[in-house]
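Q: Take a look at the following structure, please.
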Amino acid sequence: MSSSKLPPLTYKVVAECSVSKARAGLMTLRHSEVRTPVFMPVGTQGTMKGILPDQLIELDCQILLGNTYHLGLRPGIETLQKAGGLHKFMSWPRAILTDSGGFQMVSLLQLAEIDEHGVNFRSPFDNSECMLTPEHSMQIQNAIGADIMMQLDDVVKTTTTGPRVEEAMERTIRWVDRCIKAHTRDDEQSLFPIVQGGLEIPLRERCVSALMERQVRGFAVGGLSGGESKHDFWRMVHVCTDHLPRDKPRYLMGVGFAADLVVCVALGIDMFDCVFPTRTARFGCALVDSGQMNLKQQKYKHDMEPIDKQCNCNTCKRYTRSYLHHIATNESVSCSLLSVHNVAYQLRLMRSMREAVQADAFPQFVKNFMARHFGSEPIPSWIREALAAVNIELPPDAQEEQAVNS
C-alpha cells in the first residue's frame, strides 16, 4: 500500500511503564515520524523566535506548533494557499500541529465576543473585526496544511466557576461536529477534539465520553495551566487520561515546565507544547535540571564552563557562561543562542523519558530527576500526590525525615 493510502496519522504504543501510566509511542504523520512523549516548540506565526528551521532539524525536533488565529490574520489564507501551505512557506519539512485559535478567547478576551456562531475578534494589529467560527478555523488550518489540527473550542479561564464552565464544555462538543463537517482534507490532516470541563471531574468525564463517540485520531486536553492550583491541575490531567483511549495520542496543551512535563508523562500524556523555552531565553535564562540559570547574574561573569556539560547543543559546545553573561539581553544573538539550548534541553528531557519507559526504569528516572530539580528544597506536595496516584512514591525530604526521626 502506498503511503498516500495510509491514514495521515497512525499511533502505536511501543512501551509502557509497569508502575505508572507513562508510555512511549510512535506517531507516524505525513511529514515525519514523531516519537512520544514529545515536546513541541511553538512557532506562533510560522517562525520560531531565535531559531532557524535548520537548527531545529539539527536538534532532532520532529514536530512544532503554529497558531491558527495569528496565521489567519498574517499572512492569511490566500498567501498560505499560494505558498502551498505552511511547510513550504516557512521551509520546514517535518510535522506541524496547529491550535485552533480558541485559546485567544482567554488571552485576548478584551478583544473578543463569544456566542454559538463563533468568536468575534478585534485584531490587535489594525483593530479590524474577524469572526472565527469552527468552519473558518478549519478553512485556515486546511490552508496551513498542518499534520494535526485542533478543533475550535470554547475556552474559559481555568478559575471560572458556575454554569459558564458547563456551557463552554457543551459548546465545545457541538463545535467539534461543525469542525468535522467543515474539514476538507481528512486524507492528509488529522483533527483532534479538545477535552474541556474546567476543574470539575464530572464535566471532564462527560466531555471525554462524548468526544470518544467521534471518529478522530487523537485527543487534546485543554483549559489547564492557566492559573489554577497545581493540585487541581494534576487531578484534571489524571481523570482525562484515565478515560481517554489507550491506542490514540493524548496532547496536553500549553504545558512546558520541566517538572510538569515529568509528572504529566507519568500521568499518561504523550504530547506537550509551550512558549516557555524561547520566552525565558529572551530574559537571559537557560534551562538546566535544577530549573533556570539566570545568566545575567554577576556570578557568571568569569565562569568559563558551558551552560551544561552534558548538553550537546551548539551553544554548549562553543560558548561559555561568561560569554553568554556578557551578551545576555544586550545582544539579539543571545536570544538565539539560549533558545537553541533551551529547546535542546526540552527535547533531551523527553528523549530521556522515552528511553526510561522503554527500559521500564521510569519510576527511578522520576526520582532521580526530582532530586536534581529540587536539590535541598522540599518537593511540592502536589508533585508527591500526583506521582503517588500512579504508584511512584518519592523519598521523604530531609526536613520530613528529620521530623519523623525526632
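Each residue, glycine too, has its Cβ placed from N, Cα and C.
Bear in mind that the values here come from a model prediction, so they are computed numbers and not experimental data.
This is the feature table in TrEMBL:
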| type | residues | note |
| --- | --- | --- |
| ACT_SITE | ASP99 | active site, proton acceptor |
| ACT_SITE | ASP273 | active site, nucleophile |
| BINDING | ASP99, SER100, GLY101, GLY102, PHE103, ASP153, GLN196, GLY223 | substrate binding site |
| BINDING | CYS311, CYS313, CYS316, HIS341 | Zn(2+) binding site |
| DOMAIN | 20-373 | domain 'tRNA-guanine(15) transglycosylase-like' |
| REGION | 254-260 | region 'RNA binding' |
| REGION | 278-282 | region 'RNA binding' |
Q: So what's near the region 'RNA binding' (278-282) in sequence-distant terms, Cβ-Cβ under 8 Å and 6+ beyond its ends?
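A: For the region 'RNA binding' (278-282), the list is 41-42, 48-51, 292, 329, 334-335, 338-339, 341-343.
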Q: Suppose we draw a 10 Å sphere around the Cβ of ASP99 (active site, proton acceptor). How many other Cβ atoms does it contain, all chains included?
A: 31
Q: Do me a favour and check the Cα-Cα span between the residue listed as 'active site, nucleophile' and ASP99 (active site, proton acceptor); whole Å is fine.
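A: A Cα-Cα distance of 10 Å.
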Q: Over the span of the region 'RNA binding' (278-282), count residues by DSSP class, listing helix, strand and coil in order.
A: 4 helix, 0 strand, 1 coil
Q: How long is the line from the C-alpha of GLN196 (substrate binding site) to the C-alpha of the residue listed as 'active site, proton acceptor', rounded to the nearest angstrom?
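A: Cα-Cα, rounded: 15 Å.
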Q: Would you mind ranking the recorded positions ASP153, ASP273 by how many other Cβ atoms sit within 10 Å of each Cβ and giving me the lowest?
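A: Sparsest of the recorded positions ASP153, ASP273 by Cβ contacts within 10 Å: ASP273.
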Q: Which of these recorded positions is closest to CYS313 (Zn(2+) binding site) if you go by CA atoms: ASP99, SER100, PHE103, ASP153?
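A: So, of the listed recorded positions, the one sitting closest to CYS313 (Zn(2+) binding site) is ASP99.
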Q: Cβ within 8 Å of the Zn(2+) site's Cβ centroid: which residues qualify beyond CYS311, CYS313, CYS316, HIS341?
A: PRO306, ILE307, ASP308, ASN312, ASN314, THR315, LYS317, VAL340, ALA344, TYR345
Q: Using DSSP, how many residues in the region 'RNA binding' (254-260) fall into helix, strand and coil?
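A: Taking each residue of the region 'RNA binding' (254-260) in turn, the totals are 3 helix, 0 strand, 4 coil.
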